[in-house]
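Note sheet for the following structure.
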Amino acid sequence: MCGIVGAVAKRPIAKLLIDGLKKLEYRGYDSAGVAVIDAHYQLKRLRVAGKVRELESVMHDHLFQGQTGIAHTRWATHGVPSEKNAHPFVSHDEFALVHNGIIENHSVLRDQLQRDGYCFHSDTDTEVVVHLIHKNYKKNQDLLAAVRAAVMELKGAYALGIISKHDPSRLVAVRQGSPLVIGKSQGENFIASDPLALLSVTQQFIYLEDNDMADITLEDIKIFNMDMQEVKREQHTLSISHDAVERGEYRHYMKKEIMEQPEAIASCLEGRVTDDHVLPAIFGPGADAIFSQVEHIQLVACGTSYHAAMVARYWLESLADIPCTVEVASEFRYRKIAPSKNSLFVTLSQSGETADTLAALRLARKMDYLSTLAICNVPGSSMTREADLQFLTRAGVEIGVASTKAFVTQLTALFLFVLALRQKRTADTQLEVELVAQLRRVPALVEKVLQQDAAIVNWARALMNKEHAIFIGRGALYPVAMEGALKMKEISYIHAEGYPSGELKHGPLALVDTNMPVISTVPGGELLEKSLSNLQEVRARGGKLYVLTDQVHLFDQDSFAGAHIIAMPCLHAALAPILYTIPLQLLAYHVAVLKGTDVDQPRNLAKSVTVE
Ligand code: G6P
């Protein structure tokens with residue numbers, strides 16, 4: 001992962017680079033560094049183990065001045081988080097480089113370079129690249145040619161930013177498999193892993209594509225392919241306001257993003273449904289013909305997005321009668337796949353940049369799938385550019401590493417997708433009319449669930465000192481239980497497992513004793529009786545029951561004495577996954593806050609995983 005920012009300007013840019021890095025900390029936050037070229041054309045560098053604010057606290061603006069520079073926030077892959085392993089790396093105090101990705105052949109290159117006399121000062125895969133640039137520069141004193149020659153030797157995924165004291169107003173950037181964008185402004189230009197880092201300086205962006213190399217100066221941006229032919233890349237204007245990426249009144253981004261969910265869902269629905277049906281054209285030109293032919297759906301995703309895909313499988317088969325398989329991208333991409341006939345390949349991703357999901361999409365495009373669709377939150381991201389069809393979830397910028405509003409908008413988008421497919425399979429519109437009416441109620445009902453915040457804080461107090469927790473659910477609420485458990489693990493570091501309620505007796509019940517909290521989702525519907533029996537199995541072993549239900553009256557009986565109940569609004573059972581996710585997010589959030597963990601930047605994780 002890691003975040004990169006770079007600038008070539010006519011003003012001191014160290015502070016600006018640091019501010020940019022703060023917006024990229026979601027990509028990694030175990031060490032940080034910055035390098036600039038000073039007024040005497042010398043490279044200056046500062047690095048720390050720890051977060052960007054620690055880098056900021058040791059950087060004295062007046063002593064660390066330069067108008068061209070690069071900066072980096074790291075998520076360690078090779079080498080522990082430490083100052084010596086933090087980027088930028090330098091070679092002979094002439095070149096400085098930042099890297100996001102993995103250089104797979106680093107150890108062969110390191111051996112060669114050591115034989116050539118280069119000394120290494122870090123344990124990273126990255127340091128070889130800067131020495132390779134130095135080595136090649138000696139041949140013809142041309143920075144761009146030296147970078148190209150170095151890159152030709154690399155295997156792996158990388159986004160690179162390079163500066164050189166020999167070319168003080170020049171910044172070279174390369175993209176191969178890791179995201180990189182150029183920010184264009186008047187008399188100054190920038191690079192970053194994500195436009196978010198540059199919103200305070202520009203709204204004009206050029207997304208680099210794989211194999212692109214950019215030569216960036218104060219007034220000019222030239223992009224070349226690796227054959228050194230100039231290529232044209234479109235310029236995009238981003239209208240995200242700077243405020244959208246601020247925390248505002250909230251203590252954490254995660255809480256802000258949880259509270260924004262009613263609005264995010266409403267925005268996902270806007271212009272896509274009428275009073276009684278889903279508009280057929282919303283999946284773009286070409287979707288209509290493809291949807292008519294679909295006989296199977298293959299969903300591929302990672303992390304929270306994978307849980308959304310799992311929910312969709314229940315919907316696809318029960319509402320649209322379409323067989324569906326779901327797989328995590330890191331598995332899908334490395335096994336032999338036999339695509340089903342007329343199968344539509346669908347990726348789900350908040351960022352649109354997750355390395356495994358993107359690789360799976362690229363693979364699918366070469367296979368015998370009917371077509372590809374990316375359901376994604378980030379316009380202009382790699383997946384939206386590369387899939388045949390795109391659908392934006394419109395959650396707005398999500399910064400907390402633990403995904404919340406992106407997940408519920410993915411569910412909303414998937415529900416629309418399922419109804420759009422259903423239209424092709426049946427002339428019976430009655431169920432769609434009912435479901436659309438229910439779907440339109442969701443933003444208001446999510447608002448209502450959010451009002452249970454205080455009750456959830458009470459649950460959190462009871463859970464904060466636990467080491468383990470079990471989350472259970474049936475049907476489409478099983479993946480919701482997995483998502484609740486994932487949230488708990490990610491930010492509170494409590495070991496949590498999400499299980500189908502009916503599977504308890506096949507293993508996890510052995511863990512249940514008076515110390516084990518079991519958090520369950522019990523909406524009314526066909527599976528209600530079954531769920532109640534599962535809860536009794538837990539009670540009989542002394543487990544502590546925490547129940548989210550719209551059937552509160554059933555828990556008044558003695559047989560559920562001592563169970564903790566939170567009332568949920570009634571809604572069509574198919575839509576329960578969206579509503580029941582909300583209290584689970586709040587629960588993980590409050591446990592984490594009570595435990596004092598780093599909610600927005602949990603240890604060892606990052607939001608956008610652009611490495612394997
Ligand atoms: C990381 C994040 C998760 C996210 C997953 C997939 O693991 O920490 O929150 O769900 O990546 O990300 P994507 O952007 O593809 O949805």
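Glycine too: its Cβ is placed from the backbone N, Cα and C atoms.
Look at TrEMBL and you will find C2 tagged as active site, nucleophile. Feature annotation from TrEMBL assigns domain 'Glutamine amidotransferase type-2' to 2-219. Under the heading domain 'SIS', TrEMBL lists 286-427, 459-602. Residues or ranges marked as active site, for Fru-6P isomerization activity by TrEMBL: K607.
If you take the C-beta of K607 (active site, for Fru-6P isomerization activity) and look for same-chain residues 6 or more apart in sequence within under 8 angstroms, you find Y26, R27, Q350, S351, E398, I399, G400, V401, S403.
Across the domain 'SIS' (459-602), DSSP helix (H, G, I), strand (E, B) and coil residues number 74 helix, 28 strand, 42 coil. In sequence order, R27, G28, H72, T73, R74, W75, H87, V98, H99, N100, G101, S193 are the residues of the chain that are 6 or more apart from C2 (active site, nucleophile) and have a CB within less than 8 Å of its CB. Across the domain 'SIS' (286-427), DSSP classifies residues as 66 helix, 28 strand, 48 coil.
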